[in-house]
Amino acid sequence: MADWYQLAQSIIFGLIFAYLLAKLISILLAFKDENLSLTRNHTTQSEYENLRKVETLTGISGETDSLIAEQGSLRGDEDESDDDDWEGVESTELDEAFSAATAFVAAAASDRLSQKVSNELQLQLYGLYKIATEGPCTAPQPSALKMTARAKWQAWQKLGAMPPEEAMEKYIDLVTQLYPAWVEGGSKRRNRSGEAAGPMGPVFSSLVYEEESDNELKIDAIHAFAREGEVENLLKCIENGIPVNARDSEGRTPLHWAIDRGHLNVAEALVDKNADVNAKDNEGQTSLHYAVVCEREALAEFLVKQKADTTIKDEDGNSPLDLCESEWSWMREKKDSN
């Protein structure tokens, strides 16, 4: 009888031990899966941040971030290489330096008295710009008959999966090599308030072997001038045949950019040239949407006086009236009337 009692006791203890061991293994596996999930989520978010960008030239502005046109643009961390000259620089500072460089190149492109830069260097700038603003090339290869488009595609595609931050750094370095004093020249130009803006130092020629590239550069320039608040150069673009409602890759017109950056004088000049105040970007937002979200009351009121529609809805179903959270009396009256 004692033997049976001892055997039963051993079996019970064995079952309890097996249960506890199984429970411990289950807890360890659950912890491992949760940790792996967190790691994957972090990796996905980091990749997303590194691949998001703004696609068009960014103008020189006192603001560190664009409020609407660049609100979804996220930059990854700075390159961690020990020999990187930009190590430790805040992403906003790098963005500002890149914005200044791209604005300089855009301004330079519209000047016919240009310093000639080889096609090879121009293509390098183009490829770096596309990586910095759009990420790795995913576009199909153009036809061999379209020489310029194919050359530009190759310049972009050969950079592979270069991080946007590295592309911005290389772009700035290349512009600095071509014209070491460009930063000083740009600063002097911005500081001359009330004076007529003269040439911005040596400027870069467009790709010379096909006309389409020159037109594309000018269209980029008109958006850059609107962002910078460069009224005279913007008007020169329009006089040279660039449409006042020319759109960038996100469907934004110069008026969108002028409103986004708070340039009332540019907005007035564009409206005088018959700019469409109700033009929509790719997300269905008009310049008035931008003014409302950016809380630029003077610009919003100006647009409304120019017959901007307060009821146009964007892709999310929101009109400027819907988005307006500010206590603007004249806007409240329109809300009440609707």
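Cβ coordinates are placed from backbone N, Cα and C, and glycine is handled just like the others.
What Swiss-Prot records for Tyr126, Gly127, Leu128, Tyr129, Lys130, Lys152, Tyr171 is acyl-CoA binding site, and it gives similarity to another entry as the kind of evidence. If you look up Swiss-Prot, you'll see 77-89 marked as compositional bias 'Acidic residues'. Residues or ranges marked as domain 'ACB' by Swiss-Prot: 94-184. The repeat 'ANK 1' annotation in Swiss-Prot covers 217-246, and the record cites sequence analysis as its basis. Residues annotated as repeat 'ANK 3' in Swiss-Prot: 283-312. Positions annotated as repeat 'ANK 4' by Swiss-Prot, on the basis of sequence analysis: 316-338. Sequence annotations record features per position, and here Swiss-Prot assigns transmembrane segment to 11-31 based on sequence analysis.
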Listed in sequence order, residues not in Tyr126, Gly127, Leu128, Tyr129, Lys130, Lys152, Tyr171 with Cβ within 8 Å of the centre of the acyl-CoA site Cβ atoms: Leu123, Gln124, Leu125, Ile131, Ala132, Ala155, Trp156, Leu159, Ala167
DSSP helix/strand/coil residue counts for the domain 'ACB' (94-184): 61 helix, 1 strand, 29 coil
Secondary structure content, the repeat 'ANK 3' (283-312) (per DSSP, counts of residues): 16 helix, 0 strand, 14 coil
Pairwise Cα distance maximum in Å, acyl-CoA-binding residues per record: Tyr126, Gly127, Leu128, Tyr129, Lys130, Lys152, Tyr171: 15
Composition by DSSP (helix, strand, coil) of residues within the repeat 'ANK 1' (217-246): 21 helix, 0 strand, 9 coil
